[in-house]
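Notes for the one structure printed next.
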């Protein structure tokens, strides 16, 4: 029954080469490999061989086939790596077992003691198996499919391992790492290993998750009922295995089979100087011709036959080629001009190459290497070498005329060739009459220099004279000599005068005169003063320079105008050679210039320097013509800057300040209470008053408290003592009244009574400014100097008039005064210049610098940093100039400032960008990208979230941070349809397309890649483009091509590209494989392609390809999130949607969909949803389409879709473990190989028996009949199995769009298809159709609604996957850039082989 299925086909060239290549890898010879491909009709020849030989050959072929299959199978499923676990800590404070008993006790005594237990003897056991959910439950009893191991005793009840390697468990694996796993870790008491594990169990923990091979550890912490265990795990591939499943094998090598190292992903990295798939091709020397050169070692350049040169780019001529070249082709002989023949050795232009005809004879080529000479009159011979008379050779040169001289003997002269014999064979003898023929000999050769006596050498000729006449030459003017060969030198006599140079000419001469003379022989004097008048070049240049210097100086407007006027007036037009002269006087051979004032030199072009010793006091002198100007330094004036400017003349000091004139400046001495450079600032130190009593006065040092008499101290805080003892108790007090006591006086004459009352004395006697004196009449006050009055209560004002000078402030005292002097003055009355500093003159740490009276320099303050002013009392604004960067706020004080930085920056001046990626906030091995005041995480496959904390394989990870049943990840779940999402105002760079929702403790994620980040996105804080931190250090931000903008203007966007060592920009970092990028996608089970035709006139402003792609991702995510989790199975891959303009078009977008996981069940679901989303029927509910396009520009890109074409591969139902599939396939192939072997063996046995006379025809016919019946049934079954690869999406597409999926052939085709199985294979599976080529803008929408559009799904029979074509729909005649596809009847396919590619075309 296997005979039909394994029937051999004629071997094509490609299959034969692949078979031979496989044979080479197994060490088989090409002969053996070729033998297995021979056609079947040659098999009967084997029957004639002995049976033993036939059996051996069949056995050897079968063994080779089985060995090839097994080697390929082993290579397919080979993998290697280690699962590693290290114990970090265990805490068992009670030393209890999990059952509550104590560690280290016999079973019969455990019930007697539960506290104060002995320490445990702790070891750990690891069980590793396939992934199991919590509902399934993880237990060691069900087996450890990935392996198990036990550590040695690590310690007591509680311990922390400083060296985690002590408690390490390593489980090697040789299968494809599944990424997901379940581990069970047990802590056991090793007191008595004979006890069952359940009685020795201290604690047990299990963990189920996903881990990718990496050198990084993942730490896990288990808090159990009895103990706490901290451990860490990781997976590492073996040394020569790579990628996430440890299945990529790469071993570095440097031998004849390859020269490469291994990359981080197992890719082969060629060593320096090698290239190719296996790096076995050497890179030749730079510039080595790739066709004509080769190399076995890097850097060499070995030429192939026929080529030479250091770079093998020089061809070699054919051997023996004489006058030819190879002309860019090896072993060629391309003849040069005038040469012919196979070896280019025949002269085709003998006349031009050799010039054989002498004496002006005309040469004519007659044949290769042949010629004929036509001689002039008087010449003859084969080469015109015979001279019949002397003038025939034109011996007279330079226009001379030859004349023959005859004599009495008129014998002719005969010229022969150089053989030296005449026609008669006699030699030629020299005579005196031959002296005129010397012109015929070569230069330097005498006539008697011939080798034979009596022979006259005439170059190649020899003369034989019998009776020869002579000739004479009549020379032209300027020539002389026997043959007019001598030029007469007319300059020999020196005809040129006054130093002129004589140049000899033919028949004359010419004199080149100096500039001062002219004439034929330079005899006439030139009048230089009569030269045409022209602008004085030197004067103009000087004028320009002078004007520039004047304008750049600090002259006043009046002085500036005068200087410019003087400079212009001093220049004039030139008089001949004199530029700035009064008169030009001609002299023999020369001239003299009478210069104007201020000018000198031969031509008066030099401006005399008038600035020597003129300007004073550091002024800058500007030299004019016969004049100068002084640009004075600051503080001086006058023509020579000799006068010091009195800056105090305008009284700049305010508020009564005294102005002190200085050099170039002034200084204000401010009165009490004022400060500043102009005394413009009032100093108020008495508000509020610091004096407790009395009144406050401002002083340069601060303030002064003028206290009342009974007070003393700086702030009048001290009380003066009172005098209460006699005799000071009365009479000396200003407040004594006459009613202090009562006295009655009685006289004899009257009876009146007088009463005097005296008040009790109080205060100081004599008001404290005098002494109380006693006298006969009573007490009185003797006042101190400066006071007066009965009780010395009046203070004499010594400050009136003011005795203080130079602005000093007078302070009245007790009988004296004090002068508070202004800065720079001192003395009792402030009349002396101060040379020293007084205490406290300079404030805030300033240093006082003494003055110098001889220089009128007063003491001044040198302020400390941060202070300024006359007394260093003014604080400098440290925040002036904005020292804080990046939006920082400056705060300052006296001599200091500090920056309060904005979020994301630090440092003293806020220039340091805070690295939010340190410490690492992203989880699960994600890549952290630092930003301004934040960070972003690029999650690895299988993770999502702001910090990649959501593990897609863990249903509860998205719900761990949620306080209720709905987590924060609900943005996409609340949208009812894709149109709602499109109208929410999302930007093109929205990264929320990949979101998770948490409902009732279970999470679901869209797991959709959101596109590359836009490195030209504007930062809301800095408002600057090219956001800092998006691109890494070795990357650059590459802006998107302008062609991707569908309708300008578009927002600027770009993506980060790696910068290669050659300074070239690498391709974008797309997660999808390059085989599924737009414009180069290969449609297969893991890659689908959609082609979208747009009407550009309906596309809204600002729409771009990436904007359309971002919108499609968001819309797809909104639909995927609604699907139940069971639709996608466990551990789905990441979906990737990529978009780009179709090559060569500007209105067609190619979109590819792929998954990071092979045979991902969500891929066909996503493709079906995209078909629904991009259908025009989805917009039926929009009543005002034009208004919607104006309001939402991004939707306009979708509403402008004219046609959608979808291509996908047929995806088989069901899924299984890839390792199991590989093993089952291997077993099946082995069984098939064994069956082939048995079949061949019995076939030969039957053939042998047939040849021996045995008749097996009935049984063979029956067997053939059964096989043909089985084949027909199989063909019918295959036809019935033909289904839509979009699976569930087809029904939803029909319900949502109202479109009919035509999955069966047309009725008329179906009827004919039932006639034979062959017709089933050749007829197309779709009816002919003819869509309109153009939709009218006004009626197109209605017609589209009325028309019953069809989505045609058909299997392309002749698709070529390598060229990325899909049958007849992608034929060269099809122009996808047009408005519609004209689906005519497709011709039947010519073959029954092809890849399973389905194409869907949607007309909208």
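Think of each number as a place in line: the chain as shown, counted from 1.
Cβ coordinates are placed from backbone N, Cα and C, and glycine is handled just like the others.
Because the structure is a prediction, the values reported are computed rather than measured.
Positions annotated as compositional bias 'Polar residues' by Swiss-Prot: 11-22. Annotation source Swiss-Prot lists disulfide bond at 237-246, 250-262, 335-344, 375-384, 391-402, 632-641, 653-668, 821-830, 879-890, 884-899, 917-928, 922-937 (among others). The domain 'EGF-like 2' feature in Swiss-Prot is assigned to 311-345; the stated evidence is sequence analysis. Look at Swiss-Prot and you will find 487-523 tagged as domain 'EGF-like 5'. Residues annotated as domain 'EGF-like 10' in Swiss-Prot: 719-793. The annotation domain 'EGF-like 12' is assigned in Swiss-Prot to 833-873 on the grounds of sequence analysis. Here Swiss-Prot flags 875-911 as domain 'EGF-like 13'. Annotation comment: Swiss-Prot describes 1220-1245 as transmembrane segment, evidence class sequence analysis. Annotated phosphoserine per Swiss-Prot: 1292, in sequence order, evidence recorded as experimental evidence.
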For the domain 'EGF-like 5' (487-523), distant same-chain residues with Cβ under 8 A (at least six beyond the ends):
398, 476-480, 589-590
How many other Cβ atoms sit within 10 Å of the Cβ of residue 641 (disulfide bond)?
22
From 237, 344, 375, 402, 632, 821, the disulfide-bonded residues whose CA lies within 10 Å of that of residue 884 (disulfide bond):
none
On the three-state reduction of DSSP, what should I expect for residue 246 (disulfide bond)?
coil
Candidate with sparsest Cβ neighbourhood (10 Å radius) among 344, 668, the listed disulfide-bonded residues:
344
Who sits close to residue 937 (disulfide bond): which same-chain residues at least 6 apart have their Cβ under 8 Å from its Cβ?
921, 922, 923, 926, 927, 928, 929, 945, 946, 947, 948
Have a look at the disulfide-bonded residues 262, 344, 391, 402 and say which one has the shortest Cα distance to residue 890 (disulfide bond).
262
Helix-strand-coil residue split for the domain 'EGF-like 5' (487-523), DSSP-based:
0 helix, 13 strand, 24 coil
Going by DSSP, how much of the domain 'EGF-like 13' (875-911) is helix, how much is strand and how much is coil, in residues?
0 helix, 13 strand, 24 coil
Name the one residue among 237, 653, 830 whose Cα is closest in three-dimensional space to that of residue 899 (disulfide bond); these are the disulfide-bonded residues.
653
Count the other Cβ atoms sitting within 10 Å of the Cβ of residue 884 (disulfide bond), across every protein chain shown.
22
Treating G and I as helix alongside H, and B as strand alongside E, what does DSSP give for the domain 'EGF-like 2' (311-345) in helix, strand and coil?
0 helix, 10 strand, 25 coil
Looking at the disulfide-bonded residues listed here (237, 262, 335, 344, 632), whose Cα lies nearest to that of residue 668 (disulfide bond)?
632
Summarise the model's confidence over the domain 'EGF-like 13' (875-911) as a mean pLDDT value.
84
List the residues of the same chain that sit at least 6 positions away from residue 879 (disulfide bond) in sequence and have their Cβ under 8 Å from its Cβ, in sequence order, or write 'none'.
890, 891, 892, 897
Can you tell which of 246, 917, 928 has the most other C-beta atoms within 10 Å, given these are the disulfide-bonded residues?
246
Distance between residue 830 (disulfide bond) and residue 632 (disulfide bond) at the Cα atoms, whole Å?
36
